[in-house]
Structures are given as C-alpha cells and as structure tokens.
C-alpha cells in the first residue's frame, strides 16, 4: 500500500493527455507563447551600447577640428545628433535626453594645433545611466589618446626622429563570443527564462483546477498517492515543454543566428531535468493556492525574482552572498549556467556538474515540500 | 464482525463552530442506513470524516474495522463514495471516466472490461459511452458517478444526496440499484431529503445541529413520535429541537 503504483500513475498520465488534447486553446498557448516571447524579447533585450547621441560645439571650425569629430563618429560608438553653439543649448539637450554627451572644441583649438601646442577638448556626459556613461568616458579617452599619439608621431617624424615605438602593448583575444554581441549572450538566457515561466504556469493550475471543479473530492477518496498524482500530472507536460523548447531552440539558432557550440543531446537531456523542476514548482504553487487566480498571482510573483536573481540580467558574482543564496531557489539560475555553457562555450558535463547537482537537489526539495503540503483532505 | 460503521463521540469543529457534536452511531453490515436532517445539520461533514476527507477533531470511529484517524487509506480502497456535487471529469467521456477510475483502483484488464460492461448496463448508459460527461443531464451524471463508485466492488457505499435534483425515473432506477446492492451484502449509507426514499431504508438516523436526535427503523420512529408518516417525524423533530434551543438560550 505504501509504495508507488505504476498503474495509478499511468491512469493519471492518460487522463491528463486526453484533457490536454481536448483543451486546444491552452495547448496552443503553451506551444506558441514561448515563440512569441522569444521574438519579442530577442529584439528588446539588447545591452550593447552604441550610437550614443552626441552634441558638438565646434568653436574653431577647421580641417583639424573636423578630423577629431570624425574620429568620434568612425567608432560607431558616438553619433552626432546636433551641432550647437552654446552651453545653454547643450544643457537643454542633456536635460531633455536628446543627447547623452556633448563634445566642446574651444576657439583656440586650430591655432594651438597649428603651433603644436598642447590643447584640451571638453566632453560633458550624462551620468544617470552608468553603463552609457562608462562606455562614453572610456571610448572618448581612447579616441583622444589615439589621436594624440598620431599627432606626436607626426611631430617626431618632422623632427627626423622616425617612428614612435610603443614600449608596452596589449594583445587581447576574446573567446566564446568574439564580437561581444549581447544577443549571443542574451538568447540562451531568454530561452531559459521563457521556458521556466511558461511551464511553471502550465502546472500551477492543475491541482487548483481540480479543487475548484470539485473533481479533487472524488480523487481523494481513492487510494491514489500524492506522488503518483503529481508525477502523473507533470509527465505529459514534460513532452509539451520539450517540444516547445525545441521550437525556441530552432528560432534561437536559425533566426537569431546564435549557434550551439556544445552537444545538443546534453542540452536536451539537461533541459528535461529543468522542465521537470519547473513543472514541479508549478505543482507546488498548486498545492499552496486555493483558487486559480491565486495560483496565477503566485506564478507571476515568482517571475521578477527569477529575472533579477538568476543572473539573467546582472552577474551573480557581484551580488551579496545572501542574495546569491536566494538565487539558488530559482531553477533558472542553474539552467542559465548550463545554457550559456553549452551554447557559448561548448563545455561538457565536467564543467556543469555543479549546476546539475544544484538543480537536481532543488528538484527533489520542491517535490518533497509539495508532497508534504498536499494533504489528501479537503479542509 | 457485524458492524460496517461504528463511531463514538465523533466531533468536528471548524474554528468555533461545532459541525458535528459527539456523534455516536452504528451501521450494521448489509443494511441501508438513511441519514436524514435539514441542510447544514452536519450530514455531509460526518460522511466526509468517515471517508477520510476530513480529520475528526475528537472521538473515535471505525469503518469496516479500520480506524478513521490512522487507517484512512485502507478504508479508501474498500469504500465507494459519491458526493453531493458531480465530481467526475466533465471533459472526459463516460468511458474515459470509468477507465480512469478503473486504473486508479488497479483493476486488471479483464476485470476492467467486465466491470465496465456490467456497470454501463446497470446504469442504463448503453449507447452513451462516447458522450462527454459534461453533456449528460443531471440524472445520467448521477448514474455515471454511481458506476465509478462501484467499479472496485466496494464493501461499503457512501452516498451524499445522490438524488437531489434528479427526475423521478432516474430516482427509481437509482434506488432499485441501491436495494439490489444491499441484497448482495453491500452496506449503504445514504443521505436524502426525500421521505419516500427514507421510508425504504432499513435504519434511519436523524441529525440536527450536529447532534443525533433519533435513530431506529422508519416504523419505530413513526410509532415513537406518534405521527402518521416520516415527513411528520422530520418536521416534529426539527420543531422540538428548535424550541428546546430557544428555551435554553432564554435561561441563559
């Protein structure tokens, strides 16, 4: 009496499959929603900083000053949005957000350059978005430094001293995502985020729906065990989730052009573990919620922490330790490492076993809690 | 052992409200026990405690020799239960509902086929096997629910207002089935508001405000109250109890 009975489990699976097939709209949502979300967010979530809007106040128009402005534009980090002729105009534009930086070339620029005297240009930066401000500062510094070295070289050549030799150089090589495109980093994360939330909602309703419709009462007076019922309920959804996962995987690789470097079979295997975990999380919500509306609210309440704590938006390494632990309660945290590892780095299970163990433990934990929460009573 | 259900001082409280007040009750095996009482008197709560759906607050109870506090899973394998509200899957067909419960009660393939045929025949559902349960009318739904509750040949059948809102023909079929089951030795505990149904029970228990007010065969109750029929027994008992409670409050 006390152990798992396959016949009862299998009855639940068959019943759920029939119900899913009859409920076409819900099935369509489960399959189409991840695709739509991936298309939407694939374009929306972009952390690349380029085309920073720049106002230019060139008080000393000449070939030399225009060359400097061109250097800024050529990097594609800056884009000239307006030519202005006073600080007042610049302030107004920074205030209303039409530009984020302003380049000011003083009236003595051309004269001092002609005489080979040192000269400064000024840049005003809107620091309210630190990400843009940091990029603007470092890029502007590089551009000016580079221009200064070029000028120095020309000066030395004129004096007949030959080429300027750099005493120290840095040779960088970016691995895994050589062009440092944020889309390559974001698409795998998005796939995980979307799959977590869509599959969690699928099962978050399942037990509550039976409670609301009254079918739970009949089920409780049978000898069925909570584990048989819960596993029976998630099994068909693992199939639905996996199909949906493969669809978004195809869109990610072929539409957004983010190739999978590692083993696809490993990715699919681990995604099954992930789907089981998120579906069980949905079941857990279902044991806590009293109505379908409550289940919906709880599922949504879970989405924001999973975006912010999982490492999807911000790197977890820079979070305080307590927050990092909290992130361990989000299955996406583990799956993000797995997705990015297999997608971008092409790593093997050797590099991912910690996340696999973490996710498996979380899966067992949530299953245990759900079973303890689920009473075969109607109180 | 000749008792199917035995409870002593069974009590259920929801917060401050006492739903069932130290109920002592014996249902002999093989009998039909009619459980009567006004709405909200504690009938359903008692039934739910016996089925293991609710845990009693205090008291003792055994169903088929198993303790309701600690052995509810053993009880569940041996009883059939039908609730007041239709609680099968409306988006499954008649046959799919039967198949599901046959699996849950672990019927073997041969037995499953045999029982399904027998019960569809008994409930008069022949020809409706592929119809969605949700599209059945009230009487048909109840007969399907009864079939599902009988699949595993329970020793005890517990029915909570099985014929509420059901047409006379379905009611007659329903009660014919109940009497037939009793002849086969199955114990039936049934609640009802129809006195003509109660009249055919072997035993009657009358419950009001969570207290068992009277118990006996229908004829015993009629004789004891000195009235003409069960309906008058019902009404007199309710009036007496209300008067007694009002007087009790007056003293306080």
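If you go along the chain as it appears here, the first residue is 1 and each next one adds 1.
Each residue, glycine too, has its Cβ placed from N, Cα and C.
Taken straight from TrEMBL:
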type	residues	note
TRANSMEM	A:27-45	transmembrane segment
DOMAIN	A:133-377	domain 'ABC transmembrane type-2'
TRANSMEM	A:183-208	transmembrane segment
TRANSMEM	A:234-257	transmembrane segment
TRANSMEM	A:264-289	transmembrane segment
TRANSMEM	A:295-314	transmembrane segment
TRANSMEM	A:321-344	transmembrane segment
TRANSMEM	A:356-374	transmembrane segment
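Remark: the transmembrane segment (A:295-314) makes no contact with the transmembrane segment (A:356-374), by the rule of 3 or more CB pairs under 8 A.
Most Cβ pairs under 8 A with the transmembrane segment (A:183-208) among the ranges A:27-45, A:234-257, A:264-289 are made by A:264-289. Panel annotation: around the transmembrane segment (A:321-344), residues 176-177, 184-185, 187-189, 191-193, 196, 258-263, 266-267, 270-271, 274, 277-278, 281, 302, 305-306, 309-312, 351-352, 355-356, 358-359, 362-363 of the same chain, lying at least six beyond its termini, place a Cβ under 8 Å from a Cβ of the stretch. Distant neighbours of the transmembrane segment (A:27-45): 20-21, 182-183, 186-187, 190-191, 194-195, 198, 202, 237, 240-241, 243-245, 247-248, 251-252, 255-256; these residues of the same chain sit at least 6 beyond its ends, with a Cβ under 8 Å from one of its Cβ atoms.
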